[in-house]
């Protein structure tokens, strides 16, 4: 039985080796030489151009190494300041934010040891859904696809640059660590050690450089998307509803439907998704607007009701359990605290928005500015989506923002998909974030990241004449790497604490 088991194990290992597979706990790796010819073709294409391309990448990589240290230091100070603040502010203004574990692909210098590390820092953009914090399951495909593409582009940079510098290329591979995909290239270590430090820098900086270029290219596609899709979609006319969650307050017979075009929120015009988000933000921050109602209409619509205060101090005057009536407050010359329970739609339709009674004086008709008396943070929002009847939403503005998905692109023809522009937009945003994250993190002078090799080669290229002894230069590099690793670890630890503690 033992002999049979050993034979089976040997056959299994031979099978894995034949197909370039490597299996270990939480880690699956596949390496192949199938793409070697393609890599060599790329590496020998226009040598002068590639030299200039990767020389620029080298300068960028060195600058990114110093810049990443400054950025991590600033982020650490921001995190510490936020921890010491009793009422911390939102983290949207931070350039770096710890939100999720992301595998960073690295340069494999040995045939059997791909360099990878779980990085916990993600470059986040304002007004963007951030993976790990508010990432819906429907966007996992974008997330993991962007990780894989960013990793592959990173490694293509290393591989092509290595071939350009006459370093033997053994193979390319991809891996899955737990659930996160990544990529690596296998280079001949002896050749790497024989070339000059500047040549090494061009190879080691290539991955960071390619990630930066990918992020810029994705940003350009995102920026130029209205022009790219102009023959098929038009913009600037409103925000097109693409999805309404089942649990959304906007879901219902008088709510929003897929294909509706939102043009106004209260008196705030909506021409695109950015306007939608901006209007909701303003509505959330400012006090509730009122509506001009004539004295005669107010007397006709109102009916006697008991007035009482809620726990938060606001006033309620509708006790008829109606879903259409809302308590409104207003003032006249004699009393500044008057309340009336009124049918919301009759009050709001064909009414002008106002802040005070002075806004309602017109044609000498006595009018009052009546304001919905709602709980704190709750708003009555009038949503225009012609030709349908206006939707009246009562609740927190952010609930409306989180449960309704919209697009700035309106199809010119009915057969065109309303989801295609959203797919392209979302994927570009993930590529910008994740490719940027790989560029920033891999540039950090930290053990096992590209920054380690960039730093070592940089010190060899610049300090050889100042520090003659090689072991002294290695000691300087080791101390810098130790400090960079500690800085990254401190950001990870404190950032994760902030994420889990809030």
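From the backbone N, Cα and C atoms, a Cβ is placed for every residue, glycine too.
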Scan 400-424, 475-499 against TrEMBL and say which stretch is down as transmembrane segment.
475-499
Looking at 20-45, 98-123, which one is transmembrane segment according to TrEMBL?
98-123
Seg_contact(the transmembrane segment (430-455), the transmembrane segment (135-157)) with at least 3 CB pairs under 8 angstroms, min sep 6
yes
Considering pairs 6 or more residues apart, do the transmembrane segment (52-77) and the transmembrane segment (169-188) have at least three CB pairs under 8 Å?
no
Note the mean pLDDT of the domain 'Peptidase M50' (142-482), expressed as a whole number.
91
